[in-house]
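Asks: This is the structure I have questions about; it appears just below.
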Amino acid sequence: MEPSGLRTPCSLLALVLLSALVLTPTLAIEVYTDREVYGTAGSRVTLSCSFWSSEWISDDISVTWHYQPDHSREMYSIVHFAKGLSSIDAGIFKDRIEWVGSPKWKDASIVVHNLELTDNGTFTCDVKNPPDVVGKSSYVHLQVQEKGPARAGLILGIIIAVALALVIVVTILILLIRYCWLRRKARVQRELSALERGKLHKAKDSSKRSSRQTPILYAMLDQTRGKSSEKKAKGGIGDSRKDRK
């Protein structure tokens, strides 16, 4: 038999190792969804869900979606995925939910078709990937609004049309103003050019007239001088005749 003193340290060592293995912290699986998603009645909406796990994606991975209507405390299971197969639970979403996730790509999304106003509520995505099963679920709130895309589109189209019409009108006015201004400017320039040409023409005519009138004036002066000299000559002859008498 072994002494009891030797068995005690071995037992303590084994206990410590076992405790270390059991108490070693493991990373919890993390699940991500949007916090709020909006949809319109009659359309469809995708509720995205992704996750991160410290373990390899195993064949035992499972995904469960729950739904809790607004103003209600009851929660319903609506989608379940396990062993590579998805199943839609009976309920208000029986024929309107589609599994579109791919766990190997860490995707656990679903699509809700033909939305109704009564679908407002909270959808919870829960993922388990053994042995990584510790973690919190993630939730997304769905808000379904009344169908109004046609009216909204009509209003938006009217606004865009009015804006374009205003832009076109303003552009035409600017072009007209610019055209009138350029035309007026060209007319003023033509008038100024005509005035300048008229002034030059008048100056030339006046210079020609002055040049023509100068010889005439000289001729008239010469004639006047000739006549005065003739008168003086005649006057002198008459005086001489008087003296002779």
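Positions of Cβ are set from backbone N, Cα and C atoms, glycine also.
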Asks: For Cys49, what is the disulfide-bonded cysteine listed in Swiss-Prot, choosing from Cys125, Cys180?
Replies: Cys125
Asks: Using a 10 Å radius around its CB, how many other CB atoms surround Cys125 (disulfide bond)?
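Replies: For Cys125 (disulfide bond), the 10 Å Cβ neighbour count is 25.
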Asks: According to DSSP, which kind of secondary structure is Cys125 (disulfide bond) found in, if we only use helix, strand and coil?
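Replies: Going by the DSSP assignment, Cys125 (disulfide bond) falls within a strand, counted as strand.
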